[in-house]
Amino acid sequence: MADFGSILLWVIFPYAMMLSFIFGTIVRFVWFRAGITAVSSEMLEKRKLMIGSLVFHVGIILAFFGHVLGILIPKSWTEFFGISNEMYHLFGSLMMGTGAGLLALAGMMILTYRRFTNARVFVTSSWTDLVVDVALLITIILGLASTLSGPLFPKFDYRETLSVWARQLFYLSPNWHLMSGVPVIYKLHVICGFLIFGFFPYTRLVHALTLPWQYIFRRYIVYRRKPKAD
Amino acid sequence: MEDEEHYRGGWELNSKGKLQLKAGNKLNKVGLGKIFYNPNMPELDDYYEPWTYDYQTLFGPEKKHQPVARAKSQITGQTMTLTTGPNWDDDLAGSPEYVKQDPNMDKIETDIKTNFEQAFMMYLPRLCEHCLNAPCVASCPSGAMYKRDEDGIVLVDQERCRGWRMCMTGCPYKKVYFNWKTNKAEKCTFCYPRIEEGEPTVCAETCVGRIRYIGVMLYDADRVESAAETPDQSKLYEAQLDLFLDPNDPKIIEQALADGISEEMIECAQRSPIYRMAVKEKIAFPLHPEYRTMPMVWYIPPLSPIMNYFEGRDSINNPDMIFPGIDEMRVPVDYLASLLTGGNVPAIKSALYKLAMMRLYMRAKTSGRDFETAKLARVGLTENTATSLYRLLAIAKYEDRFVIPKSHKEKVEDAQSEQGTLGYDECKGCSLAPQHGSMFKKAEAGESTNQIYAESFYGGIWRD
Amino acid sequence: MSFESITAQPAEAIPTPIFSSAKHDGDRYSPFTVNIDRLVPFRTLTGRQQFYLDHEIFQEYGEMLANYKPTLPPQVMAPGDTTVKRDDHELALRYMTPHGKWNIHTMYYDNLEMLTLFRGGPNVWLSPIDADKAGIKDNDWLEIYNRNGVVTARAVVSHRMPAGSMYMYHAQDMEIQEPLANITGNRGGSHNAPTQIHIKPTQMVGGYGQLSYGFNYYGPIGNQRDLYVAVRKLKKVNWNED
């Protein structure tokens, strides 16, 4: 029975969320393209947004790249470059991770406070906006707690368990046994993270996928021409 | 909202003399955080918080006092104290406070006196300028804003708008708006479905004063950028004039036809009232050319502040008084120059001279007084052009004001199936001529024309 | 035409062929066009446009032609009226109720679009000179009264008003944004609260050419508006919505 629980949590659930992400993204971009916006509320409140949004976005982008590094890069690679495990954990994980996490947390706290207390912002929020805010806040807190609690579990090395499992997800052969020794707080963070991943395309978060990088290379004035009659 | 030093709309020249958006370059928007927070964007309170009234309270139960409907925010639903609105300073309302805040006044050296004796009113309808060098289009990171190749109308593609809000900052006229319900940008569409059918925009069609004119202008799109890079801002008006092409020039016609411009379009360009006023007579000017936007809604400066001043003095016996008057009245003229020519005062003056001269000539002509027609040549008019200009401006016949070619959409689209796909479909009662609907139904039900006529008309008067 | 259609968007109506726009060839309404275009005689004794009035009552009052009458001297309250305690900073201004910019007469103005086009509630215009005297700022609440009634409204201070006069545009009704007047403790009235009906003897003429009753042709002149009001700041803005 415990096995079934673990399989559900560490095999079925992650794939369900990933499929939901892919399915949702396709549906959103093919049939509901018009609904994709940044859902900006800057018009309604500006000052708290300035601090909250800037700090949060910087933090979350750093945290995102931190996750990419921590999960996708195998331990053997960093060791190959002569970075010891201690150094990696101290500088990479603990310092960089905590820094990014704190930025994201501070930003998210301001943004969530703003969303729930500013009357204009609150009444124009959809329920998914509210859920997204709270979910992000919880996930960030859990993530930060995991990073900070690292030294409490000296025997646990996520790069040998969690990261390996995460990479295996991409090879379609996840070994759920790897997750059995992972501390609860890490597990919760992973579950929350996948949840957000799962409902990502159905919420405002989808705007992150539409970063308009083409703008930098575009000419200023855009002309559009109707097809001409022959 | 008009202070673009604060809101950073429009263009400026960078250190190399190249055009750059005043709000910052492209990298700075997408790469460096402005996309998360746009410091130059106006807030709701810079516009106004939309309100409504709970009219239903007026039909409530009996109370001690007469019921009253108070303003409630359309956003939060809370009771509001109204302190600003879309037309808050209409007709010089609140002038002791608001005149001081007008940034156009700062550019004038003379002190502005706000007293009753010297008051004059001038209405400046500000709408989307559908610029040749549109900074809103240039600001849009998503590429959702575009200028239509066939008629130059600037639109927001609602499907592609991602709500990054750079257009609102980019437009120095602040004519792109953010819809706080859809979280997308919206703007004037220049009623493009009407324009495509050769009809004027609704604002132009319904203008009681017949002040709006619409016509075709041919211009050289390749030279727009270099014209907008003219260093001296008082020369920008002339630089833009220089972009317009003479539709009667055989070479231009040949090139236009080669570029696939229809003969109908060229023919309309030749009869264009705008070409006449802007290029031939030089009595119309762009709004704030110093923003380097190359705007395409041009304005004729009003003669009335000057005429009002002289009317009733000696203007009947000595109408020529107006000309030294135009020179004397620095405030209105400087103000107009700061609005319309980037400070080019002679251009405004010569337009005012011309309008005044036309007026004097027509007054003499209709009242049978003597008029030295040689005077017309001083302002570049002849008896014929003065009369026809008067006809265009004062009689303002519909067919003179609006010379719009059809776009002949039906040649490229299935017009039948497109019918009814634009506009509101959820709005009850918005369908065309609802009062005629019952008639169609009766006809469908098999009633004869005579029956319908007898039921719907009495004594030649329509009955609904 | 239905209620649904007129609330959705403006619609054309053709009320009567005589008074308004029985349009042909897209012509817009303009009065008396039918008399010129179709050579219908004007509804005067002579059938022509007429300025001179030869009726004996007009002759008696010396008003056969338009003539100037000075306004009445300023009077806000008359002897014998209820006494209202005067405020320290109180103005006496000529009170006028002109047509609104977007509406005439009692044309319904209290809809959201119209109210959004200006200040969203009752307002009165006065000059900065008068405003300074009473310490009034733009958008302050004012209480305006005379022997006929009280109205509360927000101040619009503008240099387009000559000193000594006040405008309250037509048809600002008391249902919208109207707080209680401090003087009466009841809701303030409409723009017509401080006005009263005067009947001028010359209006009693009837059945004499154009001096006959016709709906919207012949009505009282503006003499009932030749009056003054006292203007003061509204100390307490009390809505009493119960």
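Just so it is clear, glycine is given a Cβ too, placed from its N, Cα and C backbone atoms.
Model, not experiment: these values are computed from the prediction.
According to TrEMBL, the feature heme b binding site maps to A:His57, A:His67, A:His189, A:His207. As annotated by TrEMBL, domain 'NarG-like' applies to A:7-226. Among the features that TrEMBL reports, transmembrane segment is placed at A:6-31, A:51-73, A:93-113, A:134-153, A:184-202.
Those binding-site residues from the list A:His67, A:His189, A:His207 that have a Cβ under 8 Å from chain B Cβ atoms: A:His207. Count of Cβ pairs under 8 Å against the transmembrane segment (A:93-113): among A:6-31, A:51-73, A:134-153, A:184-202, the largest is for A:51-73. Counting only residues at least six positions away in the same chain, the Cβ atoms of A:Gly107 sit under 8 Å from the Cβ of A:His57 (heme b binding site). Same-chain neighbours of the transmembrane segment (A:51-73): 42, 92-93, 96-97, 99-111, 114, 140, 143, 158-159, 162-163, 166-167, counting only residues six or more beyond its ends whose CB sits under 8 Å from a CB of the stretch. The highest number of surrounding Cβ atoms within 10 Å, among the binding-site residues A:His67, A:His189, A:His207, is found at A:His189. Over the domain 'NarG-like' (A:7-226), the average per-residue pLDDT in this prediction is 89. Residues A:His57, A:His67, A:His189, A:His207, recorded as binding heme b, reach a greatest CA to CA spacing of 23 Å.
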